[in-house]
Amino acid sequence: MEALTLWLLPWICQCVTVRADSIIHIGAIFEENAAKDDRVFQLAVSDLSLNDDILQSEKITYSIKVIEANNPFQAVQEACDLMTQGILALVTSTGCASANALQSLTDAMHIPHLFVQRNPGGSPRTACHLNPSPDGEAYTLASRPPVRLNDVMLRLVTELRWQKFVMFYDSEYDIRGLQSFLDQASRLGLDVSLQKVDKNISHVFTSLFTTMKTEELNRYRDTLRRAILLLSPQGAHSFINEAVETNLASKDSHWVFVNEEISDPEILDLVHSALGRMTVVRQIFPSAKDNQKCMRNNHRISSLLCDPQEGYLQMLQISNLYLYDSVLMLANAFHRKLEDRKWHSMASLNCIRKSTKPWNGGRSMLDTIKKGHITGLTGVMEFREDSSNPYVQFEILGTTYSETFGKDMRKLATWDSEKGLNGSLQERPMGSRLQGLTLKVVTVLEEPFVMVAENILGQPKRYKGFSIDVLDALAKALGFKYEIYQAPDGRYGHQLHNTSWNGMIGELISKRADLAISAITITPERESVVDFSKRYMDYSVGILIKKPEEKISIFSLFAPFDFAVWACIAAAIPVVGVLIFVLNRIQAVRSQSATQPRPSASATLHSAIWIVYGAFVQQGGESSVNSVAMRIVMGSWWLFTLIVCSSYTANLAAFLTVSRMDSPVRTFQDLSKQLEMSYGTVRDSAVYEYFRAKGTNPLEQDSTFAELWRTISKNGGADNCVSNPSEGIRKAKKGNYAFLWDVAVVEYAALTDDDCSVTVIGNSISSKGYGIALQHGSPYRDLFSQRILELQDTGDLDVLKQKWWPHTGRCDLTSHSSAQTDGKSLKLHSFAGVFCILAIGLLLACLVAALELWWNSNRCHQETPKEDKEVNLEQVHRRINSLMDEDIAHKQISPASIELSALEMGGLAPSQALEPTREYQNTQLSVSTFLPEQSSHGTSRTLSSGPSSNLPLPLSSSATMPSIQCKHRSPNGGLFRQSPVKTPIPMSFQPVPGGVLPEALDTSHGTSI
C-alpha cells in the first residue's frame, strides 16, 4: 500500500496543480470508509492523463469530497459545493440512502451522475430502489449492474433439488431484497426458513440450546444440513466455526455462501472451517489474454490494477473496479464530444438559489455517455434504456480435493445475465475422482507398518511395510498415484494447548496432505477433526518385556516342597522308626509263647492280600513281617512314601519347567502391583491418552488404570515415558522396563529381534483399529472404506498380515504364552492328607499291638503246663546276650567247670527217636547250653573235662530235670523242633584252648543239642 501511495504521489500533485484553464473537471464523492475508492479514482485519472490517444492535450481535473456513511444530507451539501465549482459529471460510491438523495439533486441540475453501489459492511448487496425522475429524465447511471443474486440462488437450489433449507442473514442485509426470491420459492413449493444472525454469533447458538428442547434441537440440526449464508465473509467464517464447535453441523452438511464480493483467501478460510460440503457464489470478471491483459481497446491500464502478479488486484473490491471503469467511460465520452466539436462548457451552479437553472449541456453529455461502450477491468460496460449496466457474471465454486492443496474449491459452473447457468452443480461419481490423481500422503516411520527401503542416492525415498502394501493395493484398485513424505515432527497427532494439532493430523488439517497412513489408530478426538476409513487391522495394547533369565540354584532340588513339608517329613522318619522298633520288641516277646507253627507267606488270605498291597506300593510283599500292627505301620509308611515321592517327582519337573519359562508379568494387574520393573509408553500418543482418560476417570471402578497412570505420568511422563516407539523397544530390550504399545508393533519387534530376548504379553484393552486418515469432509473416505472391505473379503489383507507377522518366525512368541506367574512350592496344607494317613496308620498299629499283647497275655495264663514244653532258643540267646553285656561273656570259661545235664532219652516217641542225629565234624567246637534257671543253679552249667572226648558228663544234680521242648533257629532262618529228652545220655566235649568262640555270643547262630 505504501508503494502504491508513493507511486501515486507525483500524479496527485500534478492533478492539484493542473492548469486552471482546463476544460475537463469532474467531481467525486466517497464515503469515509472507502479509502480504496479514493486511491483507485485518482489512479484512473492519472492513467487517462497519460493517454494522449483519448484526450490528446486535454487533462482531467477533479475534486473529491468525503462524507459519512449513510448521511444523505451531507452528500447533498458536498455535491452542491462541487457544482458551484463547475463539473461536467459526478462520480460517487455510496450506499443507497445517499444515492437516492444525490439522484434527486443531479436530476434537477442535469448533471450526469455515475453511481457505484457499495456493499454494506461486506454483506451481500441488495437492489437500490432509486426515485423516478419527475420529468422522466434520469441523470443517474448505475455503473454497477443490478443485483441478480436472487436469480442465481433460485437456479442453484433447483439444481441441488433442495426442498427444505434455512437462510441466514445479518443486520446489514436488507431483507426486502429477498421478497422476489421468496415469492418464486413459494410457487415452486420450497420450504424456506429465515433467521437473522446477530453480530455476536455465539449468542445465536447459545440461545438455541437454552430455548429449544432436545427434539426441537434435533429437528433444527436436520434443517441446518442445508443452509444459505447471506453474510459477510468474516461473519460466515465465525458462524460455521460456531456451528461445528456446538455439534450442530455434520459431515453431510451443505453450506451455500452467497456474496458478490469474496476473495480467494477468504474462500479457503471458509472451506477449511466448514464441516461437510461448501458451495460459494461470487461475481467474476472476464480475464484478458496474457499479451493484452493491461490493454483495453485503445487504453492501457496501470499494471497495479491489471497484472495479478502485482498482488494489488486481489486486494481491490468490486466497487473499486467499477469506479475505475466509470472514469474510463467518462473519458471516452469526453473524447467523442471533443471529436464532434459539440463541447459544452462547464457552468457554476448554485443549488440553494431557486432561480438557478440546470446545466444546459447536461442532456447532451448524458446522451453521449449512455451511447458509450467500453471494455475495462469489469469487462464490457454500457448502459441500457433503464440506465443500468446489464453485464454481470457469477461463478459457482464447490468443494474439491486437489493433489497439491488437499481440500480446495473448484469451479462447478457459471451464470451470466444472458445465458444463465453454464455447467452442472451435481457432484461427479466418486469412482472417477481418484482415477489419474496424484495424492499427497503423510506418514510416520513405525515398524512394520512403514519403514524406509533401500534408497538410491539422489532419488526420492522409498518406503515399505504393511501399511505401504495396503496403500499400494488401494492405489492399484482405484487407479491413483501418490507422493509420500514423513511428518516433520514424526508424531501421529496430538491436540496442543492452543487447540491446534501436531503430527500427521496437523498436516491433514492444514491441507498439506490428502491422507495419512501408518500405525495410526482411530480415536474420537481425531475423528472430530479428520475423517477415517474403515479399519484395516484391529488394535490392542501389549506389554513388551525382556524374557526372564534362567534361574540356576544348587538347592533347586528342595524347591518342590515347602520348608514345613520337609520338616514334617524329617520328623516322621524317627517317629516311624521308633514305632517299628517297639513293635519288633513286642513281637519278640509274643513269639516266646507262640505254640503254633507259622504258615508260609502266601498260605493265608491276609498274607496274600499283603503281597498284593506290597506290589501296589512298589515295595514287594515278600517281607517276613507277620504282625498285623507291623503290617499296618509298614503299609501306612509305604503309602506315605509313594505319595511323597510321586508328588516330589511331578512338582520338581514342573518347577524346573516353570523356572525356564518364568514371567513375572502376565496382565496389567500384575504390572500395576509389582514394584521391581518400571513401565511407560510414548508421550502424547493414543496409548498415553487412553491411560490418562481411564486413570483420571472418577467413575472407573478398576483401580488398575489409576495405578498405571500414576506411574506413567510420573514427573509429567519424563521419568518412564519415551519420545518414540523405537526408544521404548530399545529400553525394553535392556531389561527391567515394560513398554506399553500397539501389539502389532511390539510383536514385530519381538519376532525380528536378533537375540530373541523379548516377549510380548497381549492384553486387549479397547476395540479400536488402524485406519487411513483423510481430510475432514473428504469424498474419498467411502471409496477407501469400500476397497478395504473388499480386500478383507478376498483374504488379501490376511496374506499381507502373514507376510509381516509370520506364525513361524525365527523367534517364538508362544513359548511364554502358557507360562504361570512363578513356580509354586507345595505347601504343608497340600500334604495334610498324606500325613493324616500316616498318623492314622501309626495309631491303628499301636492299637492293634496293644490288643495283641492283651490277648496273648490272657491266653498264656489260661494254658496248663504240659510235660512236653518247648524252649525258645532265640529267647535264650537274647537273654545270654544281655548277660554278656554285663561282661560275663568276656570272662574265660574253664573247661573243667562245664557240666551238661543229661536229658532223658527214654521218653522219645517212636517217630522222634528215628530222627537222625546231627553230627558236627568240627571237634574243636565249643558248645554251651542254656537251660531255664533253677533255684539251686546258676545261669551256667560246667562240664568236667577229661582227656577223652567220649567221657560221660555227669549231672551236677542228682535230680532229674523235667522234660523240656526246645527250639533253635536253623541256618535257613527256620526253627528246628527238638524232641523232648527223657534219659540222660553222655555227651562228648572237647575244650577249646583259646577261650570262648565269638560265634557262641552271636544270637543269629543256632545250636543243636
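If you go along the chain as it appears here, the first residue is 1 and each next one adds 1.
Using N, Cα and C of the backbone, Cβ positions are placed for all residues, glycine too.
Quick look at what Swiss-Prot lists:
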type	residues	note
COMPBIAS	943-958	compositional bias 'Low complexity'
CARBOHYD	Asn131	N-linked glycosylation site
CARBOHYD	Asn200	N-linked glycosylation site
CARBOHYD	Asn422	N-linked glycosylation site
CARBOHYD	Asn498	N-linked glycosylation site
CARBOHYD	Asn724	N-linked glycosylation site
REGION	21-436	region 'Interaction with CBLN1'
SIGNAL	1-20	signal peptide
SITE	Phe73	site 'Essential for dimerization'
TOPO_DOM	21-562	topological domain 'Extracellular'
TOPO_DOM	659-830	topological domain 'Extracellular'
TRANSMEM	563-583	transmembrane segment
TRANSMEM	638-658	transmembrane segment
TRANSMEM	831-851	transmembrane segment
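Classification of Phe73 (site 'Essential for dimerization') by DSSP places it within a helix. Between Asn724 (N-linked glycosylation site) and Asn131 (N-linked glycosylation site), the C-alpha separation comes to 73 Å. The region 'Interaction with CBLN1' (21-436) scores a mean pLDDT of 83 in the predicted structure. Cβ neighbour count for Asn498 (N-linked glycosylation site) (all protein chains, 10 Å cutoff from its Cβ): 6. Here Asn200 (N-linked glycosylation site) is positioned 22 angstrom away from Asn498 (N-linked glycosylation site), judged by their C-alpha atoms. Its Cβ placed at the centre, Phe73 (site 'Essential for dimerization') has 11 other Cβ atoms within 10 Å. Cβ-based neighbour count (10 Å, all protein chains) for Asn422 (N-linked glycosylation site) stands at 12. Here the CA atom of Phe73 (site 'Essential for dimerization') lies 44 Å from the CA atom of Asn422 (N-linked glycosylation site).
Within 10 Å of the C-beta of Asn724 (N-linked glycosylation site) there are 15 other C-beta atoms, taking all protein chains into account. Of all the glycosylation sites listed here (Asn131, Asn200), the one with the fewest other CB atoms within 10 A of its own CB is Asn200.
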